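First comes the structure, then the notes that go with it.
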Amino acid sequence: MENAEKRMKELTELLTYHSHKYYVEDSPEISDYEYDMLLRELKDLEGKYPHLKDPASPTVRVIGSVIEGFESVTHEVPMLSLNDAFSKEEILEFDKRVREAVPGKIEYVTEYKIDGLSVSLEYENGLFVRGSTRGDGLVGEDVTENLKTVNSIPLRLKEAVPYLEVRGEVFMPKATFDKLNDEKQAKGEPLFANPRNAAAGSLRQLDSSIARERGLDIFVFNIQREEGLNIATHHEGLLKLKQLGFKTVYQNNVSNSIEGAFAQVEKIGALRDDLPFEIDGAVIKVNDLRTRELLGATSKCPRWAVAFKFPAETKKTKLLDIVVQVGRTGKITPNAVLEPVRVAGSVVSRTTLHNLDFIRERDILIGDNVYVRKAGDIIPEIVGVEKKDRTGNEIPFEMPAVCPECGAPVVRVEGEAAHKCTGDSCPAQLLRRLMHFASRDAMDIEGLGPAILEKLLDVGHIKSAADLYELSKEDIAALEKMGDKSAENLISAIEKSKQNDLYRLLFALGIQLNGLKSSKTIAAHFRTMENIMEASEEELTAIPDIGEKTAANICDFFSRPENKELILRLKALGVNQTSFAPEPKTDSACAGKKFVITGKFEGFSRGDIVQIIEDNGGTAAGSVSKKTDYVIAGEDAGSKLAKAQELNIPVLTIEELLSMTK
Ligand SMILES: NC(=O)c1ccc[n+]([C@@H]2O[C@H](COP(=O)([O-])OP(=O)(O)OC[C@H]3O[C@@H](n4cnc5c(N)ncnc54)[C@H](O)[C@@H]3O)[C@@H](O)[C@H]2O)c1
Ligand SMILES: [Zn+2]
C-alpha cells in the first residue's frame, strides 16, 4: 500500500509533466499510447485505493491550459474529454452501462476521432462571433482571429439561427503537414512531431498571419447549445450543421446495436491509412439527445460516448538500400533507405541503423521487409525483419573501405562499434563541424543553418570556422535565395557570437567526449583558452568530472598545429577567449578541499551547500572515500556519517562550513 501511494504520486507527476509538454509546449516526449497507459495505471490504482485519490487527479480533470497572450473564454457548456477503450470488451462494457442506466431502445452513431485540437465556435444571428480552444474544459483561449483564417469555418451561416455553439476539431491535413515539415527541415528548424501538434502550435500563434499560412481545416462534431433549431438526435443535428454550411464529421451511420457500431469502428480502422487526415480512433455516441441528457456526464467525460483508440502503429516496408553518412567527427553511420511509409503521423523514408553491429545483430539485409515504429512517436526505428518474406535476393551490407565523401580510408575504432573516416579535411566532416560550431549550445549563431553553410562551402567562402568571421554582408547576400535583410541579420548574429563566454567556444570546437557540461567546468577553472591549450592531462583530470579519455582528447586536439592556428586566428578576429564565470576563491579555507554532504539542513538545500563549497574553491563529491577532506552532516545523517567516522574524516556542521568560508 505504501508502494501504491508512492506510485500514484509518481504517476501524477509524470502525467502532469507530459501534459505540459503536450498541451502547453505542443512537443510531446512520449507517444499518446504510452501516455494513455500511464493514465490507465493511475485510474486502476485509484479504483483499488479510493481514499488515496487526489481530488485534482489527472483522471478526474480535463487537462489543458491557457497560454498568456490570449483572452480567456469561459465555456457555458463544459468542453469535456472522452472515456477511452482499447478493446472490444471495453466497448461492450460501455454499452452495458448505458443500457443499465436507460432501458429501452438505444441507437449509436460512429464517427472518426480526428486527431487535432478541440475548439468551440459561437454564432449569433448566423454570424461567427467567437471561437475558443478547450483549455481545461471550463476556460479556454479566445482564438477567434486565428479561426477566421480556417477557410472551412463559415463566417455567416446559411440561416440566421438566433444562437448556436458548435464544437469541432481543428486539424492539419497530412499533405499540408508533410510540406510544412519539409520546409522546416530545409531551414534547419525543429520539426513538429505530428499533425496534431502542428495544428495546435499553429492555432495558438499570437500572429494570425502564421495561422493563415498553415492551411488548417476543421471537422465539426457536436452542437453544444442552440436556440431555434429543435433537434432530437445527434444524426439529425449533424445533417442540420451540414445544411448551415459546416464541414462535419458526418458518416451517415446509425446502428441499432453495439455490434453494429463496433463494425463501423473496424471499418474506420481499415480506412485509417488512406484518409487525408490523421485519426487516432473512432467515437461511438448515443444518438438520441434526450437519452444523452439522462445519462449525463462525470466532471471529465460524458457517459453517452466512448472513444476506441487505435494502438501505436508498426508498419511493414521495404529496406531499399543502406547508405552511409559521415558525421562531424568522421563517424560513419549506416542509414536505412526505406520505401516511404506513413507511421504515427509522418512519412518515414530513412532511419538510422547506428553501426555495423546493430545491423548484424538484427540480421538486417538490404532488400528485406522490415517493421518500422516510432520511438516515443517521434524517432523512427527498425524493430524487426520479416524473414518469411525473404526471396534469397537480399544482400548483406558492408562498410565501405574508403570514405564516400573524401576517399580517405575508413577504420573501425578499437573497442568501439563505430567506423570512422580518417581524412582530416573531409568535406562532410567540415559541414557537420560547422553546424555544431554554430548550434545553439555552442556559438549560438542564429540563422546559420545547414542550408546556408552548405552554400557557403559550395562557393568556397569558408574552409574553417574562422572564415565565418571574415564573411562580408555581400558574400552572404550573393547566395541563392538570400535577401539583403537576412544577410544583415546573419552578419550581426556572427558578430554577436564574438562576445560569447569561453565555454561556448570550447564546446563549439567539437572535441570528442567534451560536452557542454565539461566545457563549462574547464572554462571556469582555466579562465582562458591559452591556459586550456597548455593544460596537461593530469591538470585536466584533476578537475572533478573530467575523465581520462576527455582529457586525452583535449590534449590531442590542441597538440595539432592546425587547431592551434585556428584558435590564434579566432583570437585575432576578435572572438572572446576568456571565461565570464565568477572566479573561485582561493583564499578560503575550503579551497582545494573535497567535501561530502549527508543528511538534512534547515534552510539550506543540497544545491545551496554545493554552491557555497564551489564558490569557495572546494568540490563536492557523492560518496565518502579516503580522499574526502570533510563530511558535512545534518539531521538524519546515515551511512556516509558512519563511513566518515570509520575513516577518521573530520565531520562538520553547516555552521562550521560557513565559518570556513569567511
Ligand atoms: N503524448 C503525450 O505526452 C500526451 C500528453 C497528454 C495527452 N496526450 C494525449 O491527449 C489525449 C488526451 O486528451 P483528451 O482529454 O483531449 O482526450 P482524447 O483526445 O482522448 O479525446 C477527447 C477529444 O477527442 C476529440 N474528438 C475528435 N473527434 C471527435 C468526435 N468525432 N467526437 C467527439 N470528440 C472528438 C475532441 O476534441 C475531444 O477533446 C490522449 O490521446 C493522450 O494520449 C498525450
Ligand atoms: Zn571523409
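Cβ coordinates are placed from backbone N, Cα and C, and glycine is handled just like the others.
Whatever TrEMBL says is automated annotation, not expert-curated.
Record features, source TrEMBL:
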- Lys113: active site, N6-AMP-lysine intermediate (ACT_SITE)
- Asp32, Tyr33, Glu34, Tyr35, Asp36, Ser81, Leu82, Glu111, Arg134, Glu169, Lys285, Lys309: NAD(+) binding site (BINDING)
- Cys403, Cys406, Cys421, Cys426: Zn(2+) binding site (BINDING)
- 585-662: domain 'BRCT' (DOMAIN)
Original post:
Which binding-site residues of Asp32, Glu34, Lys285, Cys403, Cys406 contact ligand 1 in the sense of C-beta under 6 Å?
Top reply: Asp32
Original post:
Which recorded positions from the set Leu82, Lys113, Cys403, Cys406, Cys421 come near ligand 2, judged by a Cβ under 6 Å from any of its atoms?
Top reply: Cys403, Cys406, Cys421
**OP:** Excluding Cys403, Cys406, Cys421, Cys426, please set out which residues of the same chain place their CB within 8 Å of the center of the CB atoms of the Zn(2+) site, keeping sequence order.
**Re:** Val326, Gly330, Val402, Pro404, Glu405, Gly407, Ala408, Val410, Thr422, Gly423, Pro427, Ala428, Gln429
Subject >> Distance in Å spanning the most remote Cα pair of Asp32, Tyr33, Glu34, Tyr35, Asp36, Ser81, Leu82, Glu111, Arg134, Glu169, Lys285, Lys309, given for NAD(+) >> reply: 25
Original post:
Tell me which residues of the chain lie with their Cβ under 8 angstroms from that of Cys403 (Zn(2+) binding site), as long as they are six or more apart in sequence?
Top reply: Val326, Gly330, Ile332, Pro409, Val410, Cys421, Thr422, Gly423, Cys426, Ala428
Original post:
Considering the binding-site residues Cys421, Cys426, which residue's Cβ sits among the greatest number of other Cβ atoms within 10 Å?
Top reply: Cys421
Original post:
What number of additional C-beta atoms lies within 10 angstroms of the C-beta atom of Glu34 (NAD(+) binding site)?
Top reply: 15
Original post:
Can you give the mean pLDDT for the domain 'BRCT' (585-662), rounded to a whole number?
Top reply: 85
Original post:
Can you check what DSSP calls Asp32 (NAD(+) binding site), collapsed to helix, strand or coil?
Top reply: helix
Original post:
Could you tell me the C-alpha distance between Lys113 (active site, N6-AMP-lysine intermediate) and Asp32 (NAD(+) binding site) in angstrom, no decimals?
Top reply: 14
Original post:
For Leu82 (NAD(+) binding site), which residues of its chain lie six or more apart in sequence with Cβ-Cβ distance below 8 Å?
Top reply: Lys113, Val283, Cys301, Pro302, Ala305, Val306, Ala307
Subject >> Cys406 (Zn(2+) binding site) and Arg134 (NAD(+) binding site), distance between Cα atoms, whole Å >> reply: 55
**OP:** Compute the C-alpha separation of Asp32 (NAD(+) binding site) from Cys406 (Zn(2+) binding site), stating it in Å without decimals.
**Re:** 43
Original post:
Under a criterion of Cβ-Cβ distance under 8 Å and sequence separation of at least 6, what residues of the same chain contact Asp36 (NAD(+) binding site)?
Top reply: Asp84, Phe86, Lys309
Original post:
Using a Cβ-Cβ cut-off under 8 angstroms and a sequence gap of six or more, which residues of the chain neighbour Lys285 (NAD(+) binding site)?
Top reply: Tyr108, Val109, Thr110, Glu111, His234, Trp304, Ala305
**OP:** Work out how many Å separate Glu34 (NAD(+) binding site) and Cys406 (Zn(2+) binding site) at their Cα atoms, rounded off.
**Re:** 44
Original post:
Same-chain residues six or more away whose CB lies under 8 A from the CB of Cys406 (Zn(2+) binding site)?
Top reply: Val326, Cys421, Gly423, Ser425, Cys426, Pro427, Ala428
